[in-house]
Protein chains: 2
Amino acid sequence: MERVNTRLYVEDKLFEGATVGLDSAAAHYLRSVLRLEPGARVGLFNEREGEWLGIIDGLGKGWCSLRVKECRREIEAERDIWLVFAPIKRSRIDFLAEKAGELGCSRILPVFTRYTDVKRVNTERLAAHAKESAEQCERLSVTRVDEAVSLEKMIQNWPADRRLVVCAEFGEARPIAEVFTELLRDEPDAGLKPWAVLIGPEGGFSKEELEALSRLSYVTPVGLGPRVLRADTAAVAALSCWQAILGDGGMRPPKGTTPVTIT
Amino acid sequence: MERVNTRLYVEDKLFEGATVGLDSAAAHYLRSVLRLEPGARVGLFNEREGEWLGIIDGLGKGWCSLRVKECRREIEAERDIWLVFAPIKRSRIDFLAEKAGELGCSRILPVFTRYTDVKRVNTERLAAHAKESAEQCERLSVTRVDEAVSLEKMIQNWPADRRLVVCAEFGEARPIAEVFTELLRDEPDAGLKPWAVLIGPEGGFSKEELEALSRLSYVTPVGLGPRVLRADTAAVAALSCWQAILGDGGMRPPKGTTPVTIT
């Protein structure tokens with residue numbers, strides 16, 4: 001497979017001979033940042049048709065059209081892991097969306113808990129970060145971003161077949177690696193089922209919240225060791241352990257892909 | 001144990017009745033940011049004497065003196081894990097130092113590899129980030145920051161009893177969780193020995209570098225799954241897995257500590 005230096009997620013249906021138009025942000029990026037010209041090669045992908053080679057047909061201020069050539073990668077089954085988190089301040093929440101994208105989250109859901117300080121969440125900005133990180137890390141899908149809801153509402157609407165790991169600094173909790181390793185031994189396909197990780201706000205969960213969560217049949221409280229981690233660190237640590245032990249940690253990056261230089 | 005809202009790392013010897021003077025940055029923080037006054041309680045700690053209660057005796061522009069009262073926490077043995085990484089650009093390298101602090105690294109070592117773009121590393125700034133994160137996460141020690149060296153020099157000076165996990169996106173590598181879980185089974189005290197994790201630059205290692213590293217007796221190349229992770233994400237993912245499986249993931253935060261609200 002010939003290399004491409006740029007991959008873009010597109011909603012359009014991808015097939016040989018299709019014409020794809022980019023939105024103005026993507027067109028601006030190709031034209032004014034990367035300074036690409038007609039004839040340049042770009043990877044185009046989505047979670048339905050996989051990744052295809054696109055050749056720039058034409059581009060101008062705010063527009064770019066590409067002609068789709070051959071398929072570069074077929075779609076693959078992905079793990080279904082959500083990140084549920086109490087909103088934190090701007091630079092750290094942006095970071096969280098980026099990392100959730102890289103760590104293969106299918107969805108992120110902001111939830112307001114008792115000690116959550118942040119009152120509003122710009123889900124569009126988070127979605128843009130998640131999309132960019134999917135484009136850079138060789139995923140074929142993007143992380144969806146839900147609108148923020150209260151913890152009560154999240155619990156009311158929770159799909160009972162989705163297991164929820166709650167990262168708990170205090171109270172009863174078993175070590176995360178022990179929980180996942182034991183589960184993998186007793187139920188080898190556990191990682192193919194729906195999962196989620198829940199991270200509290202910087203002030204932690206309230207005692208009542210943690211107790212209410214622990215009573216839910218689908219919840220397992222886990223501990224992340226002796227250090228009190230920031231919310232963003234806890235999220236990356238828990239997702240990394242999940243992917244490494246239960247998820248797709250045994251897979252390798254697709255052949256013929258280039259490590260993308262991040263600017 | 002009564003709570004304190006602020007913990008400071010100090011080099012001074014800590015014992016009952018000792019007087020401790022702060023440097024001007026810490027004094028400014030207590031006086032002008034937290035607006036503390038004489039009589040206020042502060043945690044003081046280092047890796048030799050543990051954590052002690054300090055009471056502010058007096059403070060002014062650029063100075064603060066504290067009287068040391070009782071011991072709050074005895075010192076504990078910590079794991080000995082280094083993070084070796086190719087320098088990346090400013091916001092991401094600061095983040096890396098912060099996370100290495102939170103994830104309990106004893107030391108971080110910047111190394112220049114063939115595809116490393118960044119030419120200079122401000123190790124003082126990294127040390128400040130690492131110290132701040134140790135203060136906030138309930139550690140009793142801080143992460144030391146080495147001066148940057150070339151990869152060749154790092155290999156020349158490497159202590160042969162320190163195992164080195166190399167995160168390799170390409171080439172032969174076994175899944176990180178599999179390597180650690182197997183090792184824990186065959187050698188239960190493996191996590192008490194000296195370890196290090198090596199992360200390449202955004203452009204990856206060169207083929208020659210990866211081959212040279214793989215030939216070293218103390219090196220194990222590991223894979224982090226199918227997504228090509230940014231260097232900072234790869235570092236947090238690898239360190240999190242190491243602590244969870246081989247390190248202190250089975251421990252819980254000290255009793256009586258408060259989740260610190262990060263501003």
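These residue numbers are counts, starting from 1, taken along the chain as shown.
Cβ atoms here come from the backbone N, Cα and C positions, even for glycine.
Annotated features, as they stand in TrEMBL:
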DOMAIN    A:22-62  domain 'Ribosomal RNA small subunit methyltransferase E PUA-like'
DOMAIN    A:78-243  domain 'Ribosomal RNA small subunit methyltransferase E methyltransferase'
Predicted model, mean pLDDT over the domain 'Ribosomal RNA small subunit methyltransferase E PUA-like' (A:22-62):
96
Under an 8 Å Cβ to Cβ limit, what residues of the same chain, 6 or more beyond the ends of the domain 'Ribosomal RNA small subunit methyltransferase E PUA-like' (A:22-62), are close to it?
2, 4-16, 68-76, 78, 140-142
For the domain 'Ribosomal RNA small subunit methyltransferase E PUA-like' (A:22-62), how many residues does DSSP put in helix, in strand and in coil?
10 helix, 17 strand, 14 coil
